[in-house]
Amino acid sequence: MSGISKLSDFWVEKYKKESKKSWDKFYKRNETRFFKDRHWLDREFDCYFGLPDKLPLTILEVGCGVGNLVYPLLEVQPNLKIYCCDFSPRAIDFVKKHSCYNENRVFPFVNDITEDSLLEVLGSACIDTLTAIFVLSAIPREKQLRSIKNLASVIKPGGHLVFRDYCDGDFAQEKFMTSGDPSMIDEQTFVRQDGTLSLFFREEDIAEWMKSAGFGLVTLDRVNRTVDNRKRNLNMKRTFLQGVWKKL
């Protein structure tokens with residue numbers, strides 16, 4: 001724990017309260033340039049998105065950002081109907097401005113999953129597969145269970161939630177812990193310089209929250225990657241959690 005400066009209660013509450021504003025500023029500053037398109041999702045989770053000759057599936061992506069997952073997925077799965085939400089209005093605007101936007105296939109909307117009912121928007125449990133890719137880590141620990149229950153409310157019985165996010169022990173967490181800057185909310189949650197939150201999950205925590213929300217575990221694994229940063233002469237050992245749960 002040496003080298004870590006914990007934030008005061010005042011700043012912890014301020015960063016949590018202004019999280020939505022911080023993400024909207026992030027998209028104002030970076031527009032569509034920051035995140036790469038996620039072309040790996042259909043490879044990692046292909047059986048949860050169906051094949052082109054199967055019946056259409058209804059997908060919900062939470063924390064969709066500017067559409068880096070939505071549009072690559074539509075390219076390879078033409079029968080999908082995708083709802084997507086983000087709590088940044090600016091991000092949703094970028095989704096709608098995308099050159100491949102089709103209002104008959106893509107249905108973007110603003111939603112804060114920690115507070116806003118998804119069921120009120122969708123009207124029923126109509127989702128076959130829900131994706132939560134690097135989104136729950138932006139939510140404080142105390143709001144995790146409520147948020148996951150919100151996700152569960154719109155998934156069909158037998159439908160699936162697919163998940164990938166930051167894991168305890170990741171290089172980025174170690175960087176936070178040795179930076180010397182006052183950025184720590186707790187041992188697993190930190191504040192980036194732009195004011196956004198980053199929670200590093202432990203397997204037992206996410207497994208318990210999912211179970212309490214009415215999901216049965218299909219698979220949960222650590223994914224280890226080594227990323228070379230040649231400019232900074234760094235070998236970064238990235239560690240993510242990747243899992244699938246079934247709505248009971």
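The backbone N, Cα and C atoms fix where each Cβ goes, and this holds for glycine too.
Sequence-distant contacts of ASP112 (S-adenosyl-L-methionine binding site), defined as residues of its own chain at least six apart whose C-beta falls under 8 angstroms from its C-beta, comprise LYS20, PHE87. For TRP23, TYR27, GLY63, ASP86, ASP112, ILE133, the entry in Swiss-Prot reads S-adenosyl-L-methionine binding site.
Annotation note: ASP112 (S-adenosyl-L-methionine binding site) sits in a coil segment as assigned by DSSP.
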